[in-house]
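Record features, source Swiss-Prot:
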type	residues	note
REGION	1-63	region 'Disordered'
TOPO_DOM	1-86	topological domain 'Cytoplasmic'
MOD_RES	Ser11	phosphoserine
REGION	40-70	region 'Required for interaction with MCOLN1'
MOD_RES	Ser53	phosphoserine
MOD_RES	Ser55	phosphoserine
MOD_RES	Ser59	phosphoserine
TRANSMEM	87-107	transmembrane segment
TOPO_DOM	108-114	topological domain 'Extracellular'
TRANSMEM	115-135	transmembrane segment
TOPO_DOM	136-148	topological domain 'Cytoplasmic'
TRANSMEM	149-169	transmembrane segment
TOPO_DOM	170-185	topological domain 'Extracellular'
TRANSMEM	186-206	transmembrane segment
TOPO_DOM	207-215	topological domain 'Cytoplasmic'
TRANSMEM	216-236	transmembrane segment
TOPO_DOM	237-253	topological domain 'Extracellular'
TRANSMEM	254-274	transmembrane segment
TOPO_DOM	275-287	topological domain 'Cytoplasmic'
Amino acid sequence: METAAGSERRSTPGPAVPPPPRGHAPLATASGPLSSPAREPPQPEEERQLRISESGQFSDGLEDRGLLESSTRLKPHEAQNYRKKALWVSWFSIIVTLALAVAAFTVSVMRYSASAFGFAFDAILDVLSSAIVLWRYSNAAAVHSAHREYIACVILGVIFLLSSVCIVVKAIHDLSTKLLPEVDDFLFSVSILSGILCSILAVLKFMLGKVLTSRALITDGFNSLVGGVMGFSILLSAEVFKHNSAVWYLDGSIGVLIGLTIFAYGVKLLIDMVPRVRQTRHYEMFE
C-alpha cells in the first residue's frame, strides 16, 4: 500500500499536455527568419530561371572542354550516322549549286540581271560553305569538336563578307547605269529550279544542324535559304518588269538587300566565333 501511495504521489504533478495531432507539425513559439522559407515556396518562374541558368552553365562547361552540346545528346553511333548524312547533303549541295551558279552567271551576262548575278555569287558561296562543312565532318573523331566547329564558322564569316561586297557593288552599278533586265523562258527556268532546290537543301541543313548542334551547318543552311530567296526574286522582278517597265529598279534593289543581309550575318558570325576559337585553341587534339 505504501508503494502504491508513493507512486500516486509521484504521478500527481499537474495535467499532462496532450501530444500534437498526428500529421501536423508543432507550432512555432515565435516567428523568425528561420520560418520564412517554409511559408514561401519557390515560385515556378524562379525554378524555370534556375533551370535555364544551370543549362547555360552546363553548355559553357562543355565548351570549356572543347565539346559541343551534341556530345551529351547523341550516342556514338547516332553521331556518326548524322555525320555521314551531313557529308552526303554537303556533296549533293556542291553539285547542285555549282550547276546553278554556272546557269545563273550565264543569265546575268546575257540578260543583265543583278539578281541573277547575286544568286550566282551566292551559289559559289554555297559551294564553298558546303566544302567547309565537308572539312568540318571529314574527321570522324572530331564530330563533337568545338574548336573545329568554330574555325569553320570563322571561315564562313569571311566568305560571307567578301561575297556580300561583290553582290552589293554589282547591284549598285546596275542601278546607277539603269540596266533593264530582259525576260525569257531561260530566266524563268533557272529561277524556279534554283528556288526549289536551294529551299530543299536549306531545310535539310537546318535539320541536321539542329541535331548536331552545328552552327556551321546552320550557317550553310542559311546560305542555301538565301539562294532560294534569290532564285524566286529573279522570277518576281522579271515578272514585275514584264508588266510594268517603270519598276526596272526592283531587280537591283533586291540584290542590294540580299547583299547587306549576307554582310550582317557574316559580321555577326565573326563576332560570335572569333573569341570562341581562341578559347578552344588548346583542344586541337580533335584534329
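From the backbone N, Cα and C atoms, a Cβ is placed for every residue, glycine too.
Contacts between the transmembrane segment (254-274) and the transmembrane segment (87-107): absent, as fewer than 3 C-beta pairs lie under 8 angstroms at sequence separation of six or more. Remote same-chain residues near the transmembrane segment (216-236) are listed as 86, 90, 93, 97, 100, 107, 113, 115-116, 118-119, 122-123, 125-126, 129-130, 132-133, 136, 149, 152-153, 156, 160, 187-188, 190-199, 201-206, 208-210, 250-251, 254, 258, 261-262, 265, 269 (criterion: CB distance under 8 Å, separation of at least six residues from the stretch ends). Outside the topological domain 'Cytoplasmic' (207-215), and at least 6 residues removed from its termini, the chain residues within Cβ reach (under 8 Å) are 68-70, 73-74, 79, 82-83, 85-86, 89, 136, 143, 149-150, 153, 221, 269, 272-273. Taken together, the residues in the topological domain 'Cytoplasmic' (1-86) have a mean pLDDT of 57 on the 0 to 100 scale. Residues in the topological domain 'Extracellular' (237-253) partition by DSSP class (helix H, G, I; strand E, B; coil) as 11 helix, 0 strand, 6 coil.
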